[in-house]
Each structure stands twice: as C-alpha cells, then as structure tokens.
Amino acid sequence: MSRIKKARKPGMSSQPVVVTRNRTDRDVESREIKRKRKRKGLKAGARNAESNAEQARRNAQKKDPRIGSKKPIQLVVEAKQKTTKQERRLTNEQELAMLENDAQLMVLLDRLDSGENLGTGLQKYVDEKLARIEHLMGRLGLLDDEEPEEIEEFPEFAERKAKSDDDLLAEFDDFNMDDFK
C-alpha cells in the first residue's frame, strides 16, 4: 500500500491544546540530580589542559618582583645616626615617673596591702621595682636618709667604720680571745 501524506488544513482540529505544567520543588531537585549524574567525570580533552590555579601559580613565579613597585627609591643614601646609650636611656625623673605610674605594680601592691600572698615570680617583680624606685629616689635626693639614726643607735659600728687600715691591724693584733670565754 502506498503511503498517504497528511495535510494540514485549517479547521481540521477544533482548537490547539495548551498544556501547562506546574514544576514542584521535587521535580526541580530531581532534574538537578539527573543533570549531575549525566555530567560525572572530567571534561573532554581536559587531560592536557592546565587548571586556572596552576596557571596563576606559574605566572606568579615568572613575575619579576622589581616591576610595578610604587615605592620611591632614594638616589642618595643618607647615613642614619645611631642614638647613643645616653640618649636612649631615660632620665632618672622619667624612669621614676614611669615606675610610679606602673598599673601592674600598683595592683600588686594593693594585693599585698590586703594581705594576699603573691607567687614567687610576682613577688620578685614587686621587689625589683621597689628596689629600683628606692635607688632612683636616692640618686635624685628624694629619699629620707635613715642611716644616721642607725649609727646613733650603734655607736661602736660608727667608730669602726672611721678607722684606717693601720688602726684596724693594730686592733686585731691586740685582740684578746679570752674575753669571749
């Protein structure tokens, strides 16, 4: 039998059928999963192609670090003057002011005043700072001398300090050990 060709003639069918589809979330998710399954593996011909990360790394290695610097370069080199120890060292007044305003030292002194025991490291820190403050006050003349009172209490020590070496040697020779028995 011979084939009969269908002809399209207007009015043959009543009205064109319009189909509307509502895509639910599940349909969209299933399509994404299906697309991912189809695209497993690497791209075709990617065996010899370099990745972008590798290309960027190689370009970074080839780049000359001298090119593109915006930092101004001095043509004449000026020698830097080194500060001497005396210039770097604080004056006694400045150091004393810094030690008196030391917040950590003040907190530790308050803890000591309240009767709290400090650890060995903290106690050593406090002792060092207080000794330094006392030394600086002595150098600046702000320290009240308590030594003359001690000399008045023990006059025999004051006499010994005033003697010369010859006097001490003569006293040693004349010393009688029987006095201590």
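The backbone N, Cα and C atoms fix where each Cβ goes, and this holds for glycine too.
Straight from Swiss-Prot, the features:
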COMPBIAS  22-32  compositional bias 'Basic and acidic residues'
COMPBIAS  33-42  compositional bias 'Basic residues'
COMPBIAS  55-67  compositional bias 'Basic and acidic residues'
REGION    1-73  region 'Disordered'
| remark: Secondary structure of the compositional bias 'Basic and acidic residues' (22-32) by DSSP, residue by residue, totals 8 helix, 0 strand, 3 coil
| So how many of the residues in the compositional bias 'Basic residues' (33-42) end up helix, strand or coil by DSSP? | 6 helix, 0 strand, 4 coil
